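Student: Quick paste of what TrEMBL says about this protein:
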{"type": "DOMAIN", "residues": "19-189", "note": "domain 'FAD-binding PCMH-type'"}
{"type": "ACT_SITE", "residues": "Arg166", "note": "active site"}
{"type": "ACT_SITE", "residues": "Ser239", "note": "active site, proton donor"}
{"type": "ACT_SITE", "residues": "Glu335", "note": "active site"}
Amino acid sequence: MSLQVQPRVSLKPFNSFGVDVEAQLFAEAHSDADVRDALAYATAHAVPLLVIGGGSNLLLTADIQALVLRMATRGIRVLSDDGSQVVIEAEAGEPWHPFVQHTLAAGLSGLENLSLIPGTVGAAPMQNIGAYGVEIKDVFAGLTALDRQTGELRDFTLQDCNFAYRDSVFKQQPGRWLILRVRFTLSRAAHLHLEYGPVRQRLTEQGIDQPTPTDVSQAICSIRSEKLPDPAVLGNAGSFFKNPLVPASLVAHLKFEYPDLVAYAQADGQMKLAAGWLIEKAGWKGFRDADTGVHKLQALVLVNYGGATGLQLLELAQRIQQDISQRFGVELEMEPNRY
Ligand code: FAD
Ligand code: NAP
């Protein structure tokens, strides 16, 4: 067995909140064989298995009594190329942003709006990662996952994944599917999505009126770097709450009291509220309690100033949820995966 299992490993370097909890057992998977060895090890030792990627969407509230398996498999390959569309596959452990850059350098369009999202390729389908008007479902070609219940491999189509806003079958069936590799259909011709206000504005400021996918990626990287804390400097897990989908009638009601309320119409008739606006309006932006806080530039991001525990961050999140519910009658749902 090539898998190296270590006892009692601090997970501080392996979660972007920088929360210091310990894994009972820890290993890294560099191949499918390592993944199978980890499953066998967990079964033989009667411990649960927790799979992680970059740890950028985790809230760890206690020591993890499990074998924590960090996906470190690497490899990117072109599966087909008809001259206009290319199907490209990446292993689960590939870091997401370098993979996006790899596709752009190869002259492929489709992932540029998803630039600078932390984490791995294998975790991207978990919550159908999205930013600036694009979600991975828009360019998704398929994935291969291991069914942890049967040990069998399964290929998933777009329909199988049940993708929705920050949601998928993988999130709905926690712990069942271990994603090994993901495929995307990308284009040689650019089909750009510039409808999210700041993107077009940034390109215009730079004097770019005919942007390439790389221009869009660079504009998004610069916007994100200005607004979002770098986890290497200030612990965070990106947006802590999902933007709530609410009935249009509630938005109409709230607009009486808050004419500047930010809400976006959805195809199904619902409205999406900007959770960050609600939290900022309630006065939480820049709030700090001991080492937990709400980021001063983006109210949707909770931060760890150094020594916060997962439970303290959870407590702050719950206070915010309660306040938003009381003020606006809106229930905020947490986005990070809690363990
Ligand atoms: P982890 O945090 O390690 O894991 C997340 C979940 O996926 C866990 O439940 C884990 O068990 C599971 N998992 C991980 N790998 C696998 C696998 N191979 N098979 C099965 N299950 C697996 N998200 C967005 O959608 N849009 C954004 O714009 C965005 N911006 C962010 C900005 C910052 C600064 C940060 C810190 C986070 C941001 N996120 C964003 C959240 C996060 O980056 C994404 O959700 C990312 O896909 C998580 O990847 P990860 O590898 O770090 O997953
Ligand atoms: P923003 O531009 O301040 O906008 C606030 C919210 O309004 C966004 O979350 C977005 O919802 C929504 N929005 C803005 N323009 C819209 C439009 N034209 N049509 C529909 N909805 C619109 O957002 P931000 O916080 O700086 O983030 C920018 C993008 O990166 C967003 O897409 C956001 O989701 C993504 N992001 C995600 C995370 C994460 O951890 N999940 C972290 C950082 C950034 P949506 O979120 O639904 O797009």
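Yeah, the Cβs are placed from backbone N, Cα and C, and that goes for glycine too.
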Student: Taking DSSP as the reference, which of helix, strand or coil describes Glu335 (active site)?
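Tutor: SS state of Glu335 (active site) = coil.
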Student: Report, in whole Å, the straight Cα-to-Cα distance of Glu335 (active site) from Ser239 (active site, proton donor).
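Tutor: One finds 7 Å between the Cα atoms of these residues.
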Student: Once the chains shown are all counted, how many other Cβ atoms turn up within 10 Å of the Cβ of the residue listed as 'active site, proton donor'?
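Tutor: I count 20 other Cβ atoms within 10 Å of it.
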Student: Does DSSP give Ser239 (active site, proton donor) helix, strand or coil?
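Tutor: Once the DSSP labels are grouped into three classes, Ser239 (active site, proton donor) ends up as strand.
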Student: Give me the Cα-Cα distance between Glu335 (active site) and Arg166 (active site), rounded to a whole Å.
Tutor: 8
Student: Using all protein chains in view, find how many other C-beta atoms are within 10 Å of the C-beta of Arg166 (active site).
Tutor: 18
Student: State the count of C-beta atoms found within 10 angstroms of the C-beta of Glu335 (active site), not counting that atom itself.
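Tutor: So the Cβ neighbour count for Glu335 (active site) comes to 18.
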Student: On the 0 to 100 scale, where does the mean pLDDT of the domain 'FAD-binding PCMH-type' (19-189) fall?
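Tutor: The answer is 97, the mean pLDDT of the model over that range.
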Student: DSSP secondary structure for Arg166 (active site), reduced to helix/strand/coil, please.
Tutor: coil
